[in-house]
Amino acid sequence: MDVQPLLKKLGEGKTLTVDEAYRLARGILLGELGEVEVAAALTAMSVRGETGEEVLGFVKMAREAAVRVPLEVDAIDTAGTGGDGAGTINLSTAAAIVAAAAGAKVLKHGNRSASGLFGSADFMEAVGYNLDLPPEKAARLVATVGFAFVFAPKYHPAFAKVAPVRRRLPFRTIFNVVGPLANPGCVKRQLVGVAEPRLLEVVGEALAGMGHVKALVVHGGGVDEVSTEGPTTVVEVRGFKLERYVVSPGDFGAPVTPLPRARSREEAVARALAGLRGEDREAAVAIAANAGFALYVADVVKDFRDGFELALKTIEEGAAYRKLVEAVEASR
């Protein structure tokens, strides 16, 4: 395909429309562009800052190229862009498990860590989850167990075409934002954490354009999670409406608590498991905070306070850890 007009437009600092971004993403993911062209496009967007329309165009193509999970239930996903360098445990994955134990249907989509301590796939693999889950089984587990994890490389094989270029670029690209939004089950409800405040509206606009029923984009004072250390900025998406506001731990009934951090993968796994068992208070509170937001997105609860209370109760009563064990066993 002839992308020269699009590259010229990007080189001039101009933004792409949704359709133009879709066509560029199509050329990249189908392997029709050379590495120099791909690098030029990704660099131009990264330097200028990706727009909601550009992210939406790329997500549309990514979903089109994905192996589809044939969901028959209204499911949610919890994911973050990563890259915050905060060294926290994988809260979005643990929160997804708690949300499932508390009544939400969850299709968790994730990958190994590219730069941080460990990603969602690293955690799920560490606890014995089968990462080679076929799409039909994933859909069945969401309906019956309430939780399934799908490994991004298995469901987005086209992303492999751009991997060599991404590895050579010394900065994050639009694909770091697209990945968390490209759930192969095409869920209509998501909790998305972003590492940069500027991405709150960018991701919110993309989610609105994707036709989401309800979604939250969060940035917790430097981390791509709901923070228990201080304020979290939220962009709530309902249909095509975006609303921005700030919440503090006390607003949803949580004590101000340090976020659980780890210095090794082993410690990160251990703290996440201890949090799910209610044995690590810092981890349990942070996991419950994020799970509470997920339960709000799933419409299991009416507000964040009810969500936090239900999530913490689910952890303290042992249901969260039992759900993890059940999910791991069902995946095999």
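Just so you know, glycine gets a Cβ as well, placed from its N, Cα and C.
Source: prediction; values computed, not measured.
For reference, Swiss-Prot has these:
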type	residues	note
BINDING	G80, N111	anthranilate 1 binding site
BINDING	G80, 83-84, T88, 90-93, 108-116, S120	5-phospho-alpha-D-ribose 1-diphosphate binding site
BINDING	S92, E225	Mg(2+) 1 binding site
BINDING	R166	anthranilate 2 binding site
BINDING	D224, E225	Mg(2+) 2 binding site
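Listed in sequence order, the binding-site residues from S92, R166, D224, E225 having a Cα within 10 Å of the Cα of N111 (anthranilate 1 binding site) amount to none. Distance between Cα atoms for D224 (Mg(2+) 2 binding site) and G80 (anthranilate 1 binding site): 6 Å, as a whole number. Its Cβ taken as reference, T88 (5-phospho-alpha-D-ribose 1-diphosphate binding site) is surrounded by 25 other Cβ atoms within 10 Å in the chains shown. For T88 (5-phospho-alpha-D-ribose 1-diphosphate binding site), the spatially nearest entry among the binding-site residues G80, R166, E225 is E225, judged by CA separation. Separating the Cα atoms of S92 (5-phospho-alpha-D-ribose 1-diphosphate binding site) and G80 (anthranilate 1 binding site) is a whole-number distance of 7 Å. For E225 (Mg(2+) 1 binding site), the nearest neighbour among the binding-site residues G80, H109, R112, R166, judged by Cα separation, is G80.
For G80 (anthranilate 1 binding site), the same-chain residues that are 6 or more apart in sequence and have a Cβ closer than 8 Å to its Cβ are S92, P180, V192, G193, V194, A195, D224, E225. The least crowded of the binding-site residues S92, N111, judged by other CB atoms within 10 A of its own CB, is N111.
The binding-site residues H109, R112, R166 differ in how many other CB atoms lie within 10 Å of their CB, and the one with the most is H109. Burial estimate for the binding-site residues (D224, E225): highest at E225, by number of other CB atoms within 10 Å. Residue pair H109 (5-phospho-alpha-D-ribose 1-diphosphate binding site) / R166 (anthranilate 2 binding site) shows a Cα separation of 20 Å. Classification of S92 (5-phospho-alpha-D-ribose 1-diphosphate binding site) by DSSP places it within a helix. Annotated pair the residue listed as 'anthranilate 2 binding site' and R112 (5-phospho-alpha-D-ribose 1-diphosphate binding site), C-alpha to C-alpha distance, rounded: 15 Å.
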